[in-house]
């Protein structure tokens, strides 16, 4: 007999994979230490043994990356850079691997077009960025060295999304984004923690962008590992898109709203805390692995659970919403609001000016 809800086994599987990805399972005991050591050794081997001389291109290459598994804020940083550099007269292209997208396994260059592509093909983050930038500015290729060789002919600046671990392409400016609440991903490699790279490598960054509230202890911890200039930013909600109702509402529309929240993020707590600060009464959550999309059955299940708890709607990140496709208009589902977020660089004028001046100097030196 068919049911519109997922099986209990599938729900258990979802919860298990989320717990593993957040370092809550497999992280303890000798087995967890062994897995973490293997992960760290593999990372070190790939970097030291498989590295080759990085390829240089005529464009200025700016890398935006992190040292943890997801959830640091790379996408808002890339979008901010693309906007401010365009305002300074530069033509910018974004190079992405298209993680989790079908085209990421193909050795060909894909120009992301929101009118013809979906998240399943190009990946959620490239599709999200392409929808906010000029047409033809976001490119996906499995090998970004090859992509850069082709794209550099037509652009002043190449923004390398998630590029810190890429050693095939020479990078003129290295930016690393860290989460202010947990800058070192629990201080251990996956699965004991969320590290995907050694904190020692932070010293290689030209600038560190600290996303969100960063207490004095975490600031001292960061300074212990690197003395690179730091830019402190605050994530903020700009508006909420209710596609099924055709509405775009401001931040204050969330105050007092009873809603269920689903998201597939590397650090979901940051998003949940932001909604609480905005006045949302969260009546239930449904967490997904990073980059995973919610299924039709899961959406029906979570909508029903939210309605039973007197929820008025469902909220998700814009990145999660872009994977919904036609599910946003699925009959029998509570209204879904896609929360748009951006970084607030207020009071960081000196730090951001130093970053942009460095980019100017490097680019002018290449002419």
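Glycine too: its Cβ is placed from the backbone N, Cα and C atoms.
Annotation comment: Swiss-Prot describes 68, 69, 70, 71, 72, 73, 74, 75 as ATP binding site, evidence class sequence analysis. Cβ contacts within 10 Å of residue 68 (ATP binding site), excluding its own Cβ and spanning all protein chains shown: 25. Residue 68 (ATP binding site) falls within a strand when secondary structure is assigned with DSSP.
Around the Cβ of residue 70 (ATP binding site), the same chain contributes 21, 194, 265, 266, 267, 290, 291, each under 8 angstroms and 6 or more positions distant in sequence.
In sequence order, 66, 177, 179, 266, 267 are the same-chain residues whose CB sits within 8 A of the CB centroid of 68, 69, 70, 71, 72, 73, 74, 75, the residues recorded for ATP being left out. A sphere of 10 angstroms centred on the C-beta of residue 74 (ATP binding site) encloses 22 other C-beta atoms.
Taken residue by residue with DSSP, residue 74 (ATP binding site) is part of a helix.
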